[in-house]
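Q: Structure provided below as structure tokens; questions to follow.
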Amino acid sequence: MNTSQLREKFKEVFGVEADHTFFSPGRINLIGEHTDYNGGNVLPVAITLGTYGAARKRDDKVLRFFSANFEEKGIIEVPLENLRFENEHNWTNYPKGVLHFLQEAGHTIDSGMDIYIYGNIPNGSGLSSSSSLELLIGVIVEKLYDLKLERLDLVKIGKQTENDFIGVNSGIMDQFAIGMGADQCAIYLDTNTLKYDLVPLDLKDNVVVIMNTNKRRELSDSKYNERRAECETAVSELQEKLDIQTLGELDLWTFDAYSYLIKDENRIKRARHAVLENQRTLQARKALEAGELEGFGRLMNASHVSLKYDYEVTGLELDTLAHTAWEQEGVLGARMTGAGFGGCAIALVNKDKVEDFKKAVGQRYEEVVGYAPSFYIAEVTGGSRVLD
């Protein structure tokens, strides 16, 4: 959607002109899964599937929201003084949360807004539609009210909204990738320190294909919080002998030497994934920087195997996509991405083989699962921003 279309749609809905238009990307994580809340490293990119917005300030204290993705909900009106979570306010709880925490941080938001939203991230796909919306609202408010905000502060407010307003116990990777994304770069982020480097993404004759299971995944209803709790318990057991706060602080040798302290086989498996995935992510960064895409692909494959057997977050749909992708000509690697239990997988595919790849994987998936997957080419873009 371009800016003139955004402005036209805004005027259709609200009857006035928008002040500005905005875009906030989605994200995929190339590798480093379920490590962000374990103090480990991640390697995400911001993508051109994302969330568009148009907005204007109002003279009163009323917030009016409209989403083209939920047209049946119509315009949802919220008093600026009432930024509490309410089920009937549906998707607008995300913007309400961002506004609430901006105000709590001392930023002055002294009038209402009209906000039009359109997103082309499939809902429940695991490509971070909620984080994209959170950062979009942050950028809108920053522009309309001329707030002087560090981008990292907006990232943290997005995470705070997810954790403390919506109630999903997620890490910071999604908001960080979306807020800090850069053209044609992956972000190598240490989630323990929030130190990061931009890693140029030269895929040569290859593209990243996103494979959507089309099995909707509700993060707050999934086993995500259970996995996080298992890892936190493993850390507390390891602390009997080790001075650590997160699994991300461990190398494989130390983990192997002290894993006997973890009293449950499942928790050992969860912790082993977190430690090994952290090492794989470091190796993947080095492979990208050296242009060793075959090695990068092998690390993707190993990541999926670990997520299947040690972390147990894949399932029939994601496994079918990844396993079938591995068998195709021109594929360097494939893995699930995101929290799992549905959502999406990604594959690194030679660009000349993409159509054959989609046909073969789609056919096999439909035979096994009973309905078709969807495919998108991941184009890497910059972070959340003002368009005009």
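From the backbone N, Cα and C atoms, a Cβ is placed for every residue, glycine too.
Here Swiss-Prot flags Arg27 as site 'Transition state stabilizer', drawing on sequence analysis. Per Swiss-Prot, the feature substrate binding site maps to Glu33, His34, Thr35, Asp36, Tyr224; the stated evidence is sequence analysis. If you look up Swiss-Prot, you'll see Ser67, Gly124, Ser125, Gly126, Leu127, Ser128, Ser129, Ser130 marked as ATP binding site, on the strength of sequence analysis. Feature annotation from Swiss-Prot assigns Mg(2+) binding site to Ser130, Glu162; the stated evidence is sequence analysis. According to Swiss-Prot, the feature active site, proton acceptor maps to Asp174.
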Q: Pull out the binding-site residues from the set Glu33, His34, Ser67, Gly124, Ser128, Tyr224 whose C-alpha sits within 10 Å of the C-alpha of Asp174 (active site, proton acceptor).
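A: Taking Glu33, His34, Ser67, Gly124, Ser128, Tyr224 one by one, the ones whose Cα falls within 10 Å of Asp174 (active site, proton acceptor) are Ser128.
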Q: Spatially, which candidate from the recorded positions Arg27, Glu33, Asp36, Glu162, Tyr224 is nearest to Ser129 (ATP binding site), comparing Cα atoms?
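A: Nearest by Cα distance to Ser129 (ATP binding site): Arg27.
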Q: Say you check the Cα of Ser128 (ATP binding site) against those of the binding-site residues Glu33, His34, Asp36, Glu162, Tyr224; which is nearest?
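A: Checking each of Glu33, His34, Asp36, Glu162, Tyr224 against Ser128 (ATP binding site), the shortest Cα distance is to Glu162.
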Q: Excluding Glu33, His34, Thr35, Asp36, Tyr224, please set out which residues of the same chain place their CB within 8 Å of the center of the CB atoms of the substrate site, keeping sequence order.
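A: Those within range, site residues removed, are Gly32, Tyr37, Asn38, Val42, Gly171, Met173, Arg227, Ala274, Glu277, Ala339.
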Q: Long-range neighbours only, meaning 6 or more apart in sequence with Cβ under 8 Å: which ones does Tyr224 (substrate binding site) have?
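A: Set apart from Tyr224 (substrate binding site) by at least 6 residues yet with Cβ under 8 Å, we have Val168, Asn169, Ser170, Ala339, Phe341.
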Q: Highest Cβ count within 10 Å among the binding-site residues Thr35, Ser125: which residue is it?
A: Thr35
Q: Using CB atoms and a 10 A radius, I'd like the single residue among the binding-site residues Ser128, Ser129 with the highest neighbour count.
A: Ser128
Q: Sorry to bug you, but what's the C-alpha spacing from Arg27 (site 'Transition state stabilizer') to Asp36 (substrate binding site), rounded to the closest Å?
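A: So the alpha carbons of Asp36 (substrate binding site) and Arg27 (site 'Transition state stabilizer') sit roughly 14 Å from each other.
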Q: Just checking: which of Arg27, Glu33, Thr35, Glu162 have a Cα that is within 10 Å of the Cα of Gly126 (ATP binding site), counting only these recorded positions?
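A: Within 10 Å Cα-Cα: Arg27.
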Q: Using a 10 Å cut-off between Cα atoms, which of these recorded positions sit near Ser130 (ATP binding site): Arg27, Glu33, His34, Glu162?
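A: Near Ser130 (ATP binding site), where near means Cα within 10 Å, the recorded positions are Glu162.
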Q: Determine, to the nearest whole angstrom, how far the Cα atom of Glu162 (Mg(2+) binding site) is from the Cα atom of His34 (substrate binding site).
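A: Each residue's Cα considered, Glu162 (Mg(2+) binding site) and His34 (substrate binding site) end up 16 Å apart.
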Q: Between His34 (substrate binding site) and Gly124 (ATP binding site), find the distance joining the two CA atoms and give it rounded to the nearest Å.
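A: Here the two Cα atoms lie 17 Å apart.
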Q: How far apart, in angstrom, are the most distant Cα atoms among the substrate-binding residues Glu33, His34, Thr35, Asp36, Tyr224?
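A: About 12 Å separates the two most distant Cα atoms.
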Q: If I take the alpha carbons of Leu127 (ATP binding site) and Thr35 (substrate binding site), what is the distance between them in whole Å?
A: 17
